[in-house]
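Chemist: Can you keep this structure in mind? I'll have questions shortly.
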Amino acid sequence: MRRDSDMASHIQQPGGHGNPGPAPSPSPGPGPGPGASERVALKKEIGLVSACTIIIGNIIGSGIFISPKGVLEHSGSVGLALFVWVLGGGVTALGSLCYAELGVAIPKSGGDYAYVTEIFGGLAGFLLLWSAVLIMYPTSLAVISMTFSNYVLQPVFPNCIPPATASRVLSMACLMLLTWVNSSSVRWATRIQVIFTGGKLLALSLIITVGFVQIFQGHFEELRPTNAFAFWMTPSVGHLALAFLQGSFAFSGWNFLNYVTEELVDPRKNLPRAIFISIPLVTFVYTFTNVAYFTAMSPQELLSSNAVAVTFGEKLLGYFSWVMPVSVALSTFGGINGYLFTSSRLCFSGAREGHLPSFLAMIHVRRCTPIPALLVCCGATAVIMLVGDTYTLINYVSFINYLCYGVTILGLLVLRWRRPALHRPIKVNLLVPVVYLVFWAFLLVFSFISEPMVCGVGIIIILTGVPIFFLGVFWRSKPKCVHRFTESMTRWGQELCFVVYPQGSLEEEENGPMGQPSPLPITDKPLKTQ
């Protein structure tokens with residue numbers, strides 16, 4: 001009965017006015033419940049090391065073990081393929097610099113969604129949120145989970161593809177395990193991220209070390225200039241763009257730290273520091289991992305391989321070749337954890353702004369974790385794995401993802417124009433967003449020309465959010481029966497998950513971490529020119 005009495009003092013009564021927006025903070029209940037002695041809010045438990053592992057862990061998933069084949073296929077030579085990997089890291093660095101400025105100018109969790117909502121208004125932010133929650137992150141999580149299960153099951157089925165049912169069951173078991181971990185403790189989740197990020201870096205360090213040993217022994221024929229730039233097909237701008245898109249998939253996840261800004265210790269310092277440490281490190285690791293691949297395999301061998309890292313291990317590691325599939329499995333396990341951690345904060349931020357049901361803006365009374373948002377992310381991913389063709393959906397996801405990146409960085413220029421006097425602890429050179437947007441526009445135009453169906457479906461997915469926005473957010477005078485239903489469901493969900501609205505988090509956003517005014521108002525309307 002102790003648990004029920006504590007919960008009763010924290011049950012929230014959502015207002016019946018139907019206005020979207022941040023939910024009110026609860027009043028502490030009587031007695032020694034958690035609200036009376038300690039504020040219920042998201043805790044600042046992510047330090048610099050954990051922040052770096054979130055970025056590195058989300059970027060390094062299965063991409064570096066799979067993408068080299070696609071990059072080489074469209075580049076036409078070893079030398080140009082290596083150039084594409086360096087270029088991908090450079091463009092990612094430009095984008096991350098822009099996100100660092102936005103992250104300290106708009107110190108709110110939610111990443112792209114928070115920035116687009118703040119700069120362009122509620123509709124634009126909702127469309128980004130809708131596409132992310134509906135398809136982008138559930139599909140990415142499903143693909144990473146399926147990759148994890150396939151590599152774990154590979155030793156059990158060495159001569160054939162693992163059964164689809166076994167892969168799905170193992171994927172869902174992994175997903176539910178990590179959902180439970182993230183629901184139980186932020187500290188547990190970040191420790192898992194640190195451990196598995198360290199593991200995947202050790203695995204890639206092994207590949208790079210073996211590659212350097214090969215070079216010192218003189219086995220680098222494919223890297224000699226005469227061979228490295230021996231093209232087996234005539235290079236073109238179109239093929240180079242496709243190669244870059246293949247490589248950019250391996251860099252996806254670089255913006256995820258911005259989703260958890262409010263849980264960072266001293267975000268104005270640690271957000272840019274983590275970005276400046278992580279992106280160059282990942283670019284270095286990716287480039288020299290590919291150099292190592294080419295010391296063991298010819299371009300033809302690499303193109304014929306379905307799992308480049310596994311082939312590398314079989315050729316050079318001998319008895320220890322089992323290390324490679326295990327490394328990929330560990331890498332994807334950490335990737336699932338990172339995606340769950342950050343995508344749940346996106347749901348949390350969207351609900352707090354009134355763009356998703358208010359129940360998703362609640363956290364556990366004692367654990368201070370966003371359990372409802374985590375359960376929604378887990379459930380949406382499970383549905384995609386059961387009924388969706390994940391590898392077809394990922395094509396649409398890539399287009400939507402890149403579209404969101406460009407719109408967000410365009411928002412940086414809009415913010416510079418509308419609020420020139422805004423205090424910016426970090427202010428990048430204007431050429432940084434301009435160069436990034438030039439690359440972005442080029443890839444977007446080329447994508448429309450080469451894959452009009454994929455781009456068209458991606459835009460349709462985004463636009464399906466327009467009627468949902470007007471029905472669920474813009475229409476405020478809903479019938480009373482709708483309010484009664486949502487209130488009863490919210491109360492039932494609170495009792496089931498033992499959650500309440502966070503206390504004090506909104507006030508901190510409005511007043512700043514040290515009682516100073518926040519640089520931007522909390523609103524879902526576009527900023528006005530001053």
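Don't overthink the numbers, they just go from 1 along the chain as shown.
Note that Cβ sites are derived from N, Cα and C of the backbone, with glycine treated the same way.
Pulled from Swiss-Prot, these are the listed features:
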type	residues	note
REGION	1-36	region 'Disordered'
COMPBIAS	21-33	compositional bias 'Pro residues'
TRANSMEM	46-66	transmembrane segment
TRANSMEM	78-98	transmembrane segment
TRANSMEM	119-139	transmembrane segment
TRANSMEM	192-212	transmembrane segment
TRANSMEM	274-294	transmembrane segment
TRANSMEM	316-336	transmembrane segment
TRANSMEM	368-388	transmembrane segment
TRANSMEM	394-414	transmembrane segment
TRANSMEM	430-450	transmembrane segment
TRANSMEM	454-474	transmembrane segment
REGION	508-530	region 'Disordered'
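Give me the lay of the land around each of these features.
Modeler: Within the chain, the transmembrane segment (78-98) has long-range Cβ neighbours (under 8 A, six or more residues past its boundaries) at 68, 71-72, 222-223, 225, 227-229, 231, 235, 240, 243-244, 247-248, 250-251, 254-255, 275, 279-280, 282-283, 286-287, 290-291, 294, 299, 405, 408-409, 412, 428, 432-433, 435-436, 439.
Sequence-distant contacts of the transmembrane segment (119-139), counting only residues of its own chain at least 6 positions beyond either end whose CB sits under 8 Å from a CB of the stretch, comprise 112-113, 339, 343, 346-347, 350, 353, 355-356, 376-377, 380-381, 383-384, 388, 390, 393-394, 396-397, 400-401, 404, 407, 411, 414-415, 418, 461-466, 468-469, 473-474, 524-527.
Sequence-remote contacts of a segment are chain residues at least 6 beyond its ends whose Cβ falls under 8 Å from one of its Cβ atoms, and for the transmembrane segment (316-336) they are 57-58, 60-62, 65, 141, 144-145, 147-148, 151-152, 154-155, 174-175, 178, 192-193, 195-197, 199-200, 203-204, 206, 210, 214, 253, 296, 307, 309-310.
Below 8 angstroms of C-beta separation, residues 40-43, 133-135, 137-139, 141-142, 145-146, 168, 171-172, 175-176, 179, 182-186, 340, 343-345, 347-348, 351, 359-360, 362, 493, 497, 499 of the same chain, each at least six residues beyond the ends of the transmembrane segment (368-388), sit close to that stretch.
Outside the transmembrane segment (454-474) by six or more residues, the chain places 20, 122-123, 126-127, 129-131, 134-135, 354-355, 395-396, 399-400, 403, 447-448 with a CB less than 8 A from a CB of the stretch.
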Chemist: Are there residues at least 6 beyond the ends of the transmembrane segment (274-294) whose Cβ is under 8 Å from a Cβ of it, and what are they?
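Modeler: Sequence-remote neighbours of the transmembrane segment (274-294) are 48, 51-52, 54-56, 59-60, 64, 68, 71, 78, 81-82, 85-86, 88-90, 92-93, 96-97, 99-100, 201, 204-205, 207-208, 210-212, 214-215, 220, 222-223, 250-251, 254, 257, 302, 308, 312.
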Chemist: Are there residues at least six beyond either end of the transmembrane segment (394-414) with Cβ under 8 Å to its Cβ atoms? List them, or say none.
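Modeler: The answer is 95, 98-99, 101-102, 112, 115-116, 119-120, 124, 128, 131-132, 135-136, 139-140, 143, 245, 248-249, 252, 255, 430, 433-434, 436-437, 440-441, 443-444, 447, 451, 454-455, 457-458, 461-462.
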